[in-house]
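Asker: Sending over a structure as structure tokens; questions will come in a sec.
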Amino acid sequence: MITSSPSLLLFCLTVSLLLLLLPLPSHCADPDPLQDLCVADLSASISANNFPCKPFSEVTSDDFVFDGLRKQANFTDAFGVTVTTGNVLSFPGLNTLGIAMNRVDIQPGGINPPHSHPRASEIGIVIEGKILAGIVTTKNVYYSKVLTAGQVFVIPRGLVHFQLNVGRKKALTFTAFNSHLPGSTVLPLNLFAAAPSIPVEVLTKTFLVDEDAINNIKSKFVF
């Protein structure tokens, strides 16, 4: 017959309380896949964090290859940057894998403006040119570094960051994410090009300027 001592009972109670108080493990990005592959069926509505899987009978080798990052897209925006995305929406084979990649081309003097990725951390490598890469923490601490070809940078998930071309030639970077759909919150577009528009009064009070100043900025974002 096994009897429980007071010390053993106290130990068991302590361990139980610790298990209840400790935070449960959680995923830092997309959840792990539960099958070999799940090529996204983009014709279906997204379900929870993933697209439904295409039937295996319809999966082809082309689903695992994406050539969209081979060529530079045309510069069309006011910032002198073009971002070509390789996420699940353009590369269905990434569905449930928790990875994505972008190509970022920046004209001389151009900028990939302050933005954040709400669902992923980012790592990037400079392929050509010279950029000033900067991040700002939630405590408003600013970190930056001028980077050239071959140097790698990392952006923690959700932090505001930017890349400014400080060289005389075009800059090219490739960036990777630990999410198949990292998202991008571009601050100037969110504030000045939202649809419907954020009330001018909100922006004048936020930036401590008059209405003319706000309208002048908003006019830059009429595409």
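Including glycine, each Cβ sits where the backbone N, Cα and C put it.
From TrEMBL, here are the annotated features:
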type	residues	note
BINDING	N102, N112, H117, E122	oxalate binding site
BINDING	H115, H117, E122, H161	Mn(2+) binding site
DISULFID	C38-C53	disulfide bond
DOMAIN	67-215	domain 'Cupin type-1'
SIGNAL	1-28	signal peptide
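What does the local environment look like for each feature on the list?
Answerer: Residues within less than 8 Å, Cβ to Cβ, of H117 (oxalate binding site) and separated from it by at least 6 positions along the same chain comprise I155, R157, G158, F177, S179, P182, G183, S184, T185.
Counting only same-chain residues at least 6 apart in sequence, those with a Cβ under 8 Å from the Cβ of H115 (Mn(2+) binding site) are V160, H161, F162, S184, T185, V186, L187.
Packing around C53 (disulfide bond) is summarised by its Cβ count: 19 other Cβ atoms lie within 10 angstroms of its Cβ, all protein chains included.
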Asker: Where DSSP helix means H, G or I and strand means E or B, what are the helix, strand and coil counts for the domain 'Cupin type-1' (67-215)?
Answerer: 22 helix, 59 strand, 68 coil
Asker: For the recorded Mn(2+) site, whose residues are H115, H117, E122, H161, find every other residue on that chain with a C-beta no more than 8 angstroms from the centre of their C-beta atoms, and list them by sequence position.
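Answerer: Those within range, site residues removed, are S116, I155, L159, V160, P182, S184.
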Asker: An 8 Å radius from the center of the N102, N112, H117, E122 Cβ atoms defines the neighbourhood of the oxalate site; name the other residues of that chain inside it, in order.
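Answerer: Nearby residues not in the site list: V83, V104, H115, G124, I155, H161, T175, F177, P182, S184.
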Asker: Mind telling me which of the binding-site residues N102, N112 has the densest Cβ neighbourhood, counting other Cβ atoms within 10 Å?
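Answerer: The most densely surrounded of these binding-site residues is N112.
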Asker: Work out how many Å separate C38 (disulfide bond) and N102 (oxalate binding site) at their Cα atoms, rounded off.
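Answerer: C38 (disulfide bond) to N102 (oxalate binding site), Cα-Cα distance: 21 Å.
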